Amino acid sequence: MDEFNDSSELYTIRNQFYSNQHNAVISYSLDQFSSQYQLKVLEFQIRSTVALGQDASELIDHGKVLFPEEEELFQLLSAHNDLQSFGTDSSTYFQDVKQGKFELQTVLTAIYLVKYEQDVNQAVSILNEYINSDRYNIGELEPFLILMNLYLYLGKIDQAAKLFEHLKIFPSFIRDSIIYHTFEAWYLAVKGESDNINNSYYFYDELLNLDYENDPIGKQKILTALFALTLQMRHLPEAQELLNQIRQLNVTSGDFIANEICYNYLTGSNDTRELLQQLYQIEPNHQLLQDFAEKTKVFDEIVGKYTA
Amino acid sequence: MKMLTKFESKSSRAKGIAFHPKRPWVLVSLHSSTIQLWDYRMGTLIDRFEDHVGPVRSVDFHPTQPLFVSGGDDYSIKVWSLVTRKCIFTLNGHLDYIRQVSFHPDLPWILSCSDDQTIRIWNWQNRQEIACLTGHNHYVMSAQFHPTEDLIVSASLDQTVRVWDISGLRKKHSAPASSVRSFEDQLQRQQLPQQDIFGNINAVVKYVLEGHDKGVNYASFHPTLPLIVSSGDDRVVKLWRMSDTKAWEVDTFRGHTGNVLCAIFHPHQDLILSVSDDKTVRVWDLNKRVPVKQFRRDHDRFWLIGAHPNMNLFGACHDSGVMVFKLERERPAHTIFQNKLYYINSEKQLQSYDYSRNETSLPMLSLKKIGKTWSFMRTISYNQTDNSILVVFGEGDSSNYALISLPKHVTGAIEPTDIRQGEANFATFISRNRFVTFIKSTKTLHVKDMSNNTTKTIQLDSSVNDVLPGQGGRILLVKAHSVINYDVQQRKEVAELSVNNVKYVSWSNDGTYVAMLSKHTITIANRDLELVTSMHETIRIKSAAWDDTGVLLYSTLNHIKYTLLNGDNGIIKTLENTLYITKVVGNQVYCLNRDGAVEVIAIDPTEYRFKKSLVNKNFHEVLRLIKNSTLVGQNIIAYLQKKGFPEVALHFVQDPETRFDLALECSNLQVAFEQAKILNDSQIWEKLGEEALLQGNLEIVEYVYQQLHNFDKLSFLYLYKGDNERLNKMTTIAEHREDTSALIQNTLYSNDVKKRCQVYIQNGMLPLAYTLAKSNGLVELAAQILQEAGLEEKDVDLPELGGVVQLPTPIEEPIGNWPLKESSLSFFETALITGQVENLSLEDEPEQQQQPQQQQQQQQQFTKSATPALEFNDEEFEDDEDDGGAWGDLDDDLDIGDEFNAQAAAGAPSPDVVPVVEGEIGMWLRNAKTPASYAAAGAFEQAASLLNKQLGVVNFAPLRQRFLTVYGANKVYLPGADDLPGIKTFIRAENDEDDPKKFKPFIPGFEQLDELVKIGFRHFKLNHLEDAISTFRDIIYTIIVLNVEDEDEEEKCRQILSLCREYILGLSIELARRALDPSDIKRNLELAAYFTRTQLQTDHRVNALKVALTQSMKAKNYVSAAHFAGEIIKISPAGSKNYVQAESFKLRAETAGSEAVEIDFDPYSDFEICSGTFTPIYPGEPSVSEAIVGAKYKPEFKGGVCSITGVSAIGVPASGLRIRAD
């Protein structure tokens, strides 16, 4: 059975994984799935565990026993887990990967490069190399998701558009995939214009209907996206409503604080010192802080230049 | 199913009705003996026919000839001509009331039936009765020919329906005509009516259908099937089937509660319609034999129902007239997605049509099982993401929607597998995965996801009647008298336009315009629902679509027409059948017909393209069209004339008279002259003469007078031309013509006294001749005259004569035509004469003119009054736009080099400093023109450089917060994938803008200006003067790094800047005063006085005046005190506390009347205050200014930083504030 088909057993868990319902992903028992899907389910569960900041070694060991022939995969997941627990030093797994052998390896390596090496360009080239190689299997969308994320992060909207062109040669069922919808929503938002932003908004709005009771972090992500899009549309009263909702969750994130700073600017409360400090504590490398630091430096030079 | 009434007449009881097969006419026969002919489309009575005596029970149009037949209670059948509108002849023979008359579909026969129990057939060509069918033994209530076979069906009160075979009659009458029959023959035939002389049977009863329990009122054949429907006083409708050999009852339809007067088959649907005196029209399903629908009138019994032979139209006669109606709408539901049309065909199947390939798909889906059998699919909306459709069907409270997934591959009309339904009167997709539904009964709007779950419910205002599709996640709410553009996501009414009863909308291809269609009006608005134009149509409007160039094509019941955005419209094509336009591409109009099929119609778009080009002044296109197309017609000529292009019209016209008129209109004398020669008509010559005279073309004037033999005028013309030679000729001519009066006139002109004397003599007017001769010194001639008269000189007593009057002689050659300035030919004239279209230039001079204008504007901004005109209340901030903000007179002080000026005006730093950036920021940078746009894009250097050049900003430190705000207020972050950085997305100034060349960042601040000003005032009131100053400075910083959209906003900013200057200056003076050493009384008094001179709000100024008054009183400066008190009195409301106190102070001060300390303040002279020294700058004294708020300084401050703004340098070159983003 085609794994992208809606009727696939993996449909729900995949959606949950990519919509950040990691607790929901973990809560499944492997027995609930047919044996042919169990490996993939385990993979999702391990990644979800890592994403929640927990140690997944037990699951990995369990997997090694269940699927002795999949050593390579578990080695990768193990390295991924170790990064989370011990940081970069303990493993050289990802440093040694120069070329992604299979989808997950490519994806996790790219994430490693961005997160630990801050080498976005290398990550982009590894992903590009993989999707254009004969190792790539049609239907593997996660590399596209990561690549889209990185292109948009770099502000390369033209490249992002090309990525869409690339996907056109794929069978149309991939458009039913949540991964496709996710990066489409990003792309549309960055592209701007009312229709696009609205469509992006509705994607997230729909995700909100999912059961996030056990995944407040996931929910916060969705609400943060909605908050950003509402600001993009400059619907300030709605933004205030979302802001209240997010605050009630008691979960915060760098992107949320960055958006709140923007909200303050838009509403005329220009004092953002406290928020900037908060942001610095949570995510010292956030783009906004980097931007502001750079702009402050430029501004200092301007002050010096004209008074001199 | 819905009954849509198209027309109603009000009259006495209507008994018979018939539709014209081609024209929109209906004949109605009345119980009162009148027959009416109505145009049911226009609702007008065309004619009345009155020749019958007593009720007329039946009428029928001939299927092809301009004839109709009527029969009534006067036993007579009348045949009428539609051409002469008169009765041609009458057929007599029936012996009682005639119940029904009708024409045979192809033979020249009329069928009639009567209370005399007979059915008769007449030949209307030879006006003879050819058969009389007997057998019924009661009144025969109806009789009808079979549409294709030789059969008649009749119904009688004898409770039977009979079917008659008349094939014998046909045989006989198609045989070669026999010799004229003898009287006896005819008599015999009449006695044996069903047999001719050879014993042939004309007509035999084929079947007798028994089953009705009471009299049968009506029976009729099915148009194609062997079926008969009958109705009777037993309150039932019966269906009968017949074969070649027998006929039998199939079923009975029960439901009517009164006598059923008539029942007929629907011409092309499996339905039966019946009417009854229970005041209902009922519709029955022929196959399922169940009632489908009933319509009730309150007071009128129905008598008859008739169907239009080809169209979906029925007419029903009742007690107070007729109603013409159709069953169900005929507009096939359709929607367009990209290049595809999705529509529902007549079989209730979904089909698509590819516009680019001109190809219809196979049916994709059968929608028959959705809703009830007869519920009509009203609208459809398509979603590409999900490949699904949303249909709305049914009416009123039983209106529903269904969300249906389309099959991935089109293989034919399959049954849908996945249907999600619900109640709604309207439904449309508003995004990839959302749709809205509207329920009219509760006025609620539901936003639903693709699983049909409601994600949002919105309660609308109770006056909302309908919802129509909008653009970009919006919908249009339709009220009885307005339409509202509604943002569903934001739950906000974006715009509203007054327009009545809108039924359909058509958005232009780019979404810029919307055409709103009501029954008879089209209203065009832009996307913000601002009215563009509105027009009325007398014929019902059916559909509309925009072509690629922004022309709206629309269809009425019988035309395809167009309208331009300025309301100019015209007919493109006449239609045989109503069509619904779906799309216009070039000269192809893609329509849907009422059978649910696509029809492509080729049109000639030249006319509207021509008009559009003309309106848009695209003259090259106009010329191209003139040259390459056959554009003719009075319509175009009249249009050109109306639009002020007679010279273009001239090109089209061949008719000399029109050419002449047009030529006069464009003052083209030569063309007019040519045409006048052709026409050679006195009125034409006169008109030409007048125009030629006005233009001073004396040659033509002369020619015209000659043509008209207008000798008097000609003579006068020669006189004032000074053409003596011709004037003399005129004398000769007058002589030849023996026109004495003209002759005398001419001699007067030429001062030919002798000649005049001769004329007098010839005419026997000797005294006059003598006097003339004598007074002109013609002694000899005078003597001759005397002699002739037989008189002597002494006999004549003349008064004293003066000298001889000399006629002045022309000093020059006779004058020719008035010299006229060489006129240049118009664009079209040149083009039409030379035939060269391409190299002509239309750009006269507007570009060159623009520059001085800009310069003037720039100058204006500096020369405006230095007084801010804004009046702020503490609570209410009223924007007074009458007066400009202030800049002070900077003209003399600013030395701005041209080169610099140009650069600053262009608003952009030299290109080499703009970094190349891609993405959104790149677009912002490319489109940036203001410091704010640069700052938002992160290009702080460019922003700073512009601020420096435009406003002389040198101290940037205070602007840090503003720069960061502007930079930070338009970027938000979407969370990315786990462990990856978020995605930066951008807030644009205008999300509806789709042209990347106009993408600009959103800059906050303008909305907050009012609030900030209020805060400043509050600080003032609370005596927090430092805080107030700081607030006003913040406002200045906000404005200089801001984008505004239009002139009004810009003007408001300028006024607020002036206001800030005055407050900062005033408050700084007051702070300086408070900081003084108490012993410095003189300076204290001066500063207090200057403070009163700043332009504050009235109540704030009172504060300043009170300070000055108090200080003056303290220092015993009573004269000044009296002045300040007087000022308070001037601006305080009479009787207020301030007013009363001031009055008392004034009195005291005036009584004292002395000035203890002399200060540098003259209350009566005009001066400005140096913001550096707080001392007066009197008019004429040198000063320098600052460029942001226009603060004044003494020259020694030049180059320093302005103490008002804290950021700008004083007296440096600056091009001025530039905050308009466009």
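Keep in mind that glycine also has a Cβ here, set from the backbone N, Cα and C atoms.
Lifted from TrEMBL, the feature list:
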type	residues	note
REPEAT	B:49-90	repeat 'WD'
REPEAT	B:91-132	repeat 'WD'
REPEAT	B:133-174	repeat 'WD'
REPEAT	B:209-250	repeat 'WD'
REPEAT	B:253-294	repeat 'WD'
DOMAIN	B:347-593	domain 'COPA/B second beta-propeller'
DOMAIN	B:634-775	domain 'COPA/B TPR'
DOMAIN	B:827-1220	domain 'Coatomer alpha subunit C-terminal'
REGION	B:841-865	region 'Disordered'
COMPBIAS	B:848-861	compositional bias 'Low complexity'
Across the repeat 'WD' (B:49-90), what is the average pLDDT of the model, as a whole number?
93
Within-chain partners of the repeat 'WD' (B:91-132) [C-beta distance under 8 Å, separation at least 6 from its ends]:
16, 55, 57-63, 67, 69-73, 75-79, 138-145, 147-148, 152, 154, 156, 164, 166, 169-170, 173, 190, 193-194, 202-203
Do you know the DSSP helix, strand and coil residue counts for the repeat 'WD' (B:253-294)?
0 helix, 25 strand, 17 coil
Would you mind splitting the repeat 'WD' (B:49-90) into helix, strand and coil residue counts from DSSP?
0 helix, 22 strand, 20 coil
Secondary structure tally of the repeat 'WD' (B:133-174) (DSSP, helix then strand then coil):
8 helix, 19 strand, 15 coil
